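Q: Got a structure for you, questions after.
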Amino acid sequence: MAVQISKKRKFVADGIFKAELNEFLTRELAEDGYSGVEVRVTPTRTEIIILATRTQNVLGEKGRRIRELTAVVQKRFGFPEGSVELYAEKVATRGLCAIAQAESLRYKLLGGLAVRRACYGVLRFIMESGAKGCEVVVSGKLRGQRAKSMKFVDGLMIHSGDPVNYYVDTAVRHVLLRQGVLGIKVKIMLPWDPSGKIGPKKPLPDHVSIVEPKDEILPTTPISEQKGGKPEPPAMPQPVPTA
């Protein structure tokens with residue numbers, strides 16, 4: 001018999017499940033360009049879609065790695081046998097995914113690349129991918145013992161109002177270097193896309209669309225229009241009186 005739980009408890013349980021799942025996959029698939037997870041619950045099973053830039057690494061040789069992840073998720077969250085399925089989906093535009101770019105910057109810094117050069121490289125790649133604007137902040141012991149932060153901005157970025165919720169993609173990551181821990185924050189402002197593939201369908205409130213006027217077709221020959229009732233017959237010529 002199914003246990004009845006209140007809607008409030010169900011929402012909390014779903015939120016905790018997704019947060020724990022996201023944390024686990026972030027730890028396991030950090031090197032494979034992990035960019036997020038979607039959970040779809042159907043009457044028969046639960047489908048978990050893993051978004052990543054390198055899906056082949058997530059799947060593994062002959063699907064071995066995805067089967068291992070499925071077994072771990074099934075055991076950890078107490079799913080019945082065969083009721084959970086994991087899929088790997090490639091991120092459509094890597095340059096518009098804040099998580100993917102934060103991870104990319106993290107590995108650049110771990111590889112010993114200078115902070116300024118690494119940040120400008122990420123900034124350029126994001127803008128070339130079609131973003132409306134972006135902001136990269138790196139904070140920590142960048143030079144010397146005193147901690148400071150460096151901010152790199154390009155394009156347009158909104159900071160307040162409801163459009164921030166669906167126009168700005170944000171990601172925070174931490175990287176442990178020899179001098180200490182650096183914090184990485186990446187914010188990407190997505191472009192307006194009526195199809196909803198690379199950005200939100202809803203335009204910004206201050207967006208103005210200018211409609212091009214239609215070309216007016218000028219008449220080549222003069223046309224007279226008769227308005228009102230029936231046309232009157234032409235007047236008969238009057239005889240000229242003779243003296």
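Every residue gets a Cβ built from N, Cα and C, even glycine.
A quick note: this is a predicted structure, and the numbers were derived from the prediction, not measured.
Here's the feature list from Swiss-Prot:
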COMPBIAS  231-243  compositional bias 'Pro residues'
CROSSLNK  Lys90  ubiquitin cross-link
CROSSLNK  Lys202  ubiquitin cross-link
CROSSLNK  Lys214  ubiquitin cross-link
CROSSLNK  Lys214  SUMO2 cross-link
CROSSLNK  Lys230  SUMO2 cross-link
DOMAIN    21-92  domain 'KH type-2'
MOD_RES   Ala2  N-acetylalanine
MOD_RES   Thr42  phosphothreonine
MOD_RES   Lys62  N6-acetyllysine
MOD_RES   Arg64  asymmetric dimethylarginine
MOD_RES   Arg65  asymmetric dimethylarginine
MOD_RES   Arg67  asymmetric dimethylarginine
MOD_RES   Thr70  phosphothreonine
MOD_RES   Thr220  phosphothreonine
MOD_RES   Thr221  phosphothreonine
MOD_RES   Thr242  phosphothreonine
REGION    200-243  region 'Disordered'
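Show me how these features fit into the structure around them.
A: For Lys90 (ubiquitin cross-link), the number of other Cβ atoms no farther than 10 Å from its own Cβ, over all displayed protein chains, is 14.
In sequence order, Pro163, Tyr166, Trp192 make up the list of same-chain residues 6 or more apart from Lys202 (ubiquitin cross-link) whose Cβ falls under 8 Å from its Cβ.
Less than 8 angstroms from the CB of Lys214 (ubiquitin cross-link) sits no same-chain residue that is six or more residues away.
The domain 'KH type-2' (21-92) scores a mean pLDDT of 84 in the predicted structure.
Around Thr42 (phosphothreonine), there are no C-beta neighbours below 8 angstroms that are at least 6 residues distant in the chain.
According to DSSP, Lys62 (N6-acetyllysine) sits within a helical segment. Cβ neighbours of Lys62 (N6-acetyllysine) (same chain, under 8 Å, six or more residues apart in sequence): none.
Within the same chain, no residue at least 6 positions away from Arg64 (asymmetric dimethylarginine) has a Cβ under 8 Å from its Cβ.
Under 8 Å, Cβ to Cβ, and six or more positions away along its own chain, Arg65 (asymmetric dimethylarginine) finds Asn57, Val58, Leu59.
Annotation note: Arg67 (asymmetric dimethylarginine) sits in a helical segment as assigned by DSSP.
Every protein chain considered, the tally of other Cβ atoms within 10 Å of the Cβ of Thr70 (phosphothreonine) stands at 18.
The Cβ neighbour count for Thr220 (phosphothreonine), using a 10 Å radius and every protein chain shown, is 6.
Note: Thr221 (phosphothreonine) has no non-local neighbours, i.e. no same-chain residues 6+ apart with C-beta under 8 A of its own C-beta. Thr221 (phosphothreonine) falls outside any helix or strand according to DSSP and counts as coil.
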Q: Under a three-state reading of DSSP, tell me whether Lys214 (ubiquitin cross-link) is helix, strand or coil.
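A: It is coil.
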Q: Tell me the Cα distance separating Arg67 (asymmetric dimethylarginine) from Lys90 (ubiquitin cross-link), rounded to the nearest angstrom.
A: 18
Q: Counting across all protein chains shown, how many other Cβ atoms sit within 10 Å of the Cβ of Arg67 (asymmetric dimethylarginine)?
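A: Counting Cβ neighbours of Arg67 (asymmetric dimethylarginine) within 10 Å gives 13.
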